[in-house]
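Each remark here refers to the structure printed beneath this line.
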Amino acid sequence: MGGRAIVTDTNIFSGLESNTTGVTAFSMPAWQLALWATAYLGLVLVAVTGNATVIWIILAHERMRTVTNYFIINLALADLCMAAFNATFNFVYASHNIWYFGRAFCYFQNLFPITAMFVSIYSMTAIAADRYMAIVHPFQPRLSAPITKATIAGIWLVALALASPQCFYSTITVDQGATKCVVAWPNDNGGKMLLLYHLVVFVLVYFLPLVVMFVAYSVIGLTLWKRAVPRHQAHGANLRHLHAKKKFVKAMVLVVLTFAICWLPYHLYFILGSFQKDIYYRKFIQQVYLALFWLAMSSTMYNPIIYCCLNHRFRSGFRLAFRCCPWVTPTEEDRLELTRTPSLSRRVNRCHTKETLFMTADMTHSEATNGQVGSPQDVEPAAP
């Protein structure tokens, strides 16, 4: 998170600089700075382009505008904002240890990018909850469009509330002629306020959402993988739909695992640093921080790649979006995949599915000769 990195880096780095002249203890050779700049630039370009394309694919094609995909839009928007604002400006600050962007942007940097990170994990949690209801409880009412929009708005409001303390206590200081953007916690004896904030953020924005998603996807997986297909339908549409649901769940589990792996070292960096403050005085800590921050920010660029690799509709959308590239050749099937509506027979089949699922809920596999398998909610779960 932008503010957290700024606070720790600047407060520690400032103390070191007060005993140095000219070049700071955290300066790095030009070639090293160029390598880091290239790594961060590549990350930002891939993340912004990929997430903007995901948003376009969903908004530009009516067939893709579904409850789960609106949460995916929210996730993509949050990741795009994190890459554009947090990764870019925090890298400049961490590599130079000077705040170039003014007081107003100091407040902004300690609010909006942090909010976006919170929105990202909460959007993934909302997707897990939506899939849980659709697959485990298929006969329960699904979220309506107004409720979905209200949920997304609520996610942003909660995220803003969690990020606001850092923004409120943000300030500009000047140390040895260098401008700093720091968070001055009131009466923070021994850094207890900072440690408490890091622990609260870790629990509310990392640990608890991951526990909720782990439970949700575990139940979803058990429900899908134990679901049997009647023998006479083993090669029909129901089997394809069941496989599509499984593929979507695998994709979202991969998204969650990627987020968890990318962000865990970054959270631990700040929590452990609250107990061992002397580690921030080691010269190698700047390189450690830049590596951990890049790993955390890289989570913003993986999701579009996962969607493209594991979902045929998003793959078609990416081909259409990049059709101007000479090595990309979209087909008519790609266009139809995003624009055609389900056939009458498929819609009738979905209605029949709901009826027969209800009638055969307690039947064994051998008895369900007229049953339909799969949730009646989403024929193509990858574009639910």
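Cβ atoms are placed via backbone N, Cα and C, with glycine included.
As recorded in Swiss-Prot, the features of this protein are as follows:
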DISULFID  Cys106-Cys181  disulfide bond
CARBOHYD  Asn19  N-linked glycosylation site
LIPID     Cys324  S-palmitoyl cysteine
TOPO_DOM  1-32  topological domain 'Extracellular'
TOPO_DOM  57-69  topological domain 'Cytoplasmic'
TOPO_DOM  91-107  topological domain 'Extracellular'
TOPO_DOM  130-149  topological domain 'Cytoplasmic'
TOPO_DOM  171-196  topological domain 'Extracellular'
TOPO_DOM  219-251  topological domain 'Cytoplasmic'
TOPO_DOM  273-290  topological domain 'Extracellular'
TOPO_DOM  311-384  topological domain 'Cytoplasmic'
TRANSMEM  33-56  transmembrane segment
TRANSMEM  70-90  transmembrane segment
TRANSMEM  108-129  transmembrane segment
TRANSMEM  150-170  transmembrane segment
TRANSMEM  197-218  transmembrane segment
TRANSMEM  252-272  transmembrane segment
TRANSMEM  291-310  transmembrane segment
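Positions of Swiss-Prot features highlighted on the structure.
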residue : record               : CB count, 10 Å
Cys106  : disulfide bond       : 24
Cys181  : disulfide bond       : 26
Cys324  : S-palmitoyl cysteine : 6
**OP:** Summarise the model's confidence over the topological domain 'Extracellular' (91-107) as a mean pLDDT value.
**Re:** 91
Original post:
Can you tell me how far the Cα of Cys106 (disulfide bond) sits from the Cα of Cys324 (S-palmitoyl cysteine), in Å?
Top reply: 39
Subject >> Collapsed DSSP category at Cys181 (disulfide bond) >> reply: strand
**OP:** Compare 33-56, 108-129, 197-218, 252-272 by their Cβ pairs under 8 Å to the transmembrane segment (150-170) and return the stretch that comes out on top.
**Re:** 108-129
Subject >> Winner by Cβ pairs under 8 Å against the transmembrane segment (108-129), considering only 33-56, 70-90, 197-218, 252-272 >> reply: 70-90
Original post:
Apart from its near flanks, which chain residues at least 6 from the ends of the transmembrane segment (70-90) lie with a Cβ under 8 angstroms of it?
Top reply: 1-2, 5-6, 40, 43-44, 47-48, 51-52, 54-55, 58-59, 101, 105, 108-109, 112-114, 116-117, 119-120, 123-124, 126-127, 130, 148-149, 152, 155, 293, 297, 299-301, 303-304, 307
Original post:
Hey, does DSSP put Cys106 (disulfide bond) in a helix, a strand, or just coil?
Top reply: helix
Original post:
Going by DSSP, how much of the topological domain 'Extracellular' (273-290) is helix, how much is strand and how much is coil, in residues?
Top reply: 14 helix, 0 strand, 4 coil
Original post:
Reported as an integer number of Å, what is the Cα distance between Cys181 (disulfide bond) and the residue listed as 'S-palmitoyl cysteine'?
Top reply: 42
Subject >> Number of helical, extended and coil residues in the topological domain 'Cytoplasmic' (130-149), per DSSP >> reply: 12 helix, 0 strand, 8 coil
